[in-house]
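Student: Before I ask anything, let me first share the structure, which is written out below as structure tokens.
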């Protein structure tokens, strides 16, 4: 009775007011699963293709009726009768059905919507939580939140070049305590910014986006907020950055427009070294451009034993890109975004490859999110140890944190919060 009876896709809105794909998969016994697909603002050139209508008369060209139609008319009819419990078989069939290396024919947003909805329907059929279905009996690690509380770059209209300034409550003893600590720092940051006369409106991911004077000032106000909340920077709470350096890379140089300077890869590495020496920074994501492999190698040689170096645009949740990084010895961590690759199975394969090679994994949202909480379950399913899903603000972000609170409650005394121990490959 776990055979697929019906597949229905529709166009819904994401947290930015842009259309995205939602899919329902209904099984023979009436059990069903629903999934909504996220969308990024800062996207890697090597990501799977998100199919948009490009019709300027609808949603400024951002409609997804073609992707929806591909599910309803092509994918749906093709997988009727398939066993929802065969996730690998269904995902492989979807990849074959599309037939392109980047899912450009049917759209990664169409394929992922189906893949996620199938997994949810299967979990519901078995009466299991999604994290347990995907991860098995040992899925019990609650992730440390990487909370993006200050925004710059593509996520904000200000003169800060670094895209995200995050806090990580690694000194907490449980996920719920970490969430509370993060929320307290977030509220204190609002007070700090207000006191300095800065705007406290929030950006796409719930973080503040004030017009600060420099990247360093952003770190300084966060350190002040951590202390104001009664915590010790570098002991209770650490700082993580997402530079999104591909967005800064022009003609072989990294252009920091907010600061009016341009730097070579070697100068960027020196810049990061100085920041890490001065502030409690434990993680830098996309510190170099996605195609600057030499820059990445230098960065890894200089900082790879001391802090987490995360590849997002560099790896785009893709096993081939990750394997290249492993072979070249660059980065030591990978950001996992379901919609960068387009199926649950490929995502799990990438996580497995990272694990086998000593890379940490961070499960991540996109800047355009929905109320879907799949990634919270995925983080626990694979014992990732870290999750990146925005500030403790805006329902689209908080939905994931609330799901993790429920999972922690359900796991009870078996739940593990690793905190600093999640960084198993650096001398933290």
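Each residue, glycine too, has its Cβ placed from N, Cα and C.
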Student: If Swiss-Prot gives 163, 366, 367, 388 as binding (2R)-2-phosphoglycerate, which of 190, 191, 337, 418 does it give for that site as well?
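Tutor: Within the candidate list, Swiss-Prot flags 337.
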Student: Check Swiss-Prot: it lists 285, 312 as binding Mg(2+). Then name which of 236, 242, 251, 372 it lists for that same site.
Tutor: 242
Student: I need the nearest neighbour of residue 337 ((2R)-2-phosphoglycerate binding site) among the recorded positions 205, 242, 312, using C-alpha distances.
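Tutor: Smallest Cα separation from residue 337 ((2R)-2-phosphoglycerate binding site) among 205, 242, 312: 312.
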Student: Hey, which of the binding-site residues 337, 388 is the loneliest by Cβ count within 10 Å?
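Tutor: Checked 337, 388; of these binding-site residues, fewest Cβ neighbours within 10 Å: 337.
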Student: From the centroid of the CB atoms of 242, 285, 312, the recorded Mg(2+) site, which same-chain residues not already listed sit within 8 A by their CB, in sequence order?
Tutor: 163, 164, 241, 243, 244, 284, 286, 310, 313, 335, 388
Student: Can you tell me how many other Cβ atoms are located within 10 Å of the Cβ belonging to residue 242 (Mg(2+) binding site)?
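Tutor: By my count, 28.
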Student: Are there recorded positions among 205, 242, 312 that sit within 10 Å of residue 163 ((2R)-2-phosphoglycerate binding site), Cα to Cα? If so, list them; otherwise say none.
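Tutor: Matched recorded positions: 242, sequence order.
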Student: Cα of residue 312 (Mg(2+) binding site) to Cα of residue 388 ((2R)-2-phosphoglycerate binding site): how many Å, rounded?
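Tutor: With the alpha carbons as reference points, the distance is 12 Å.
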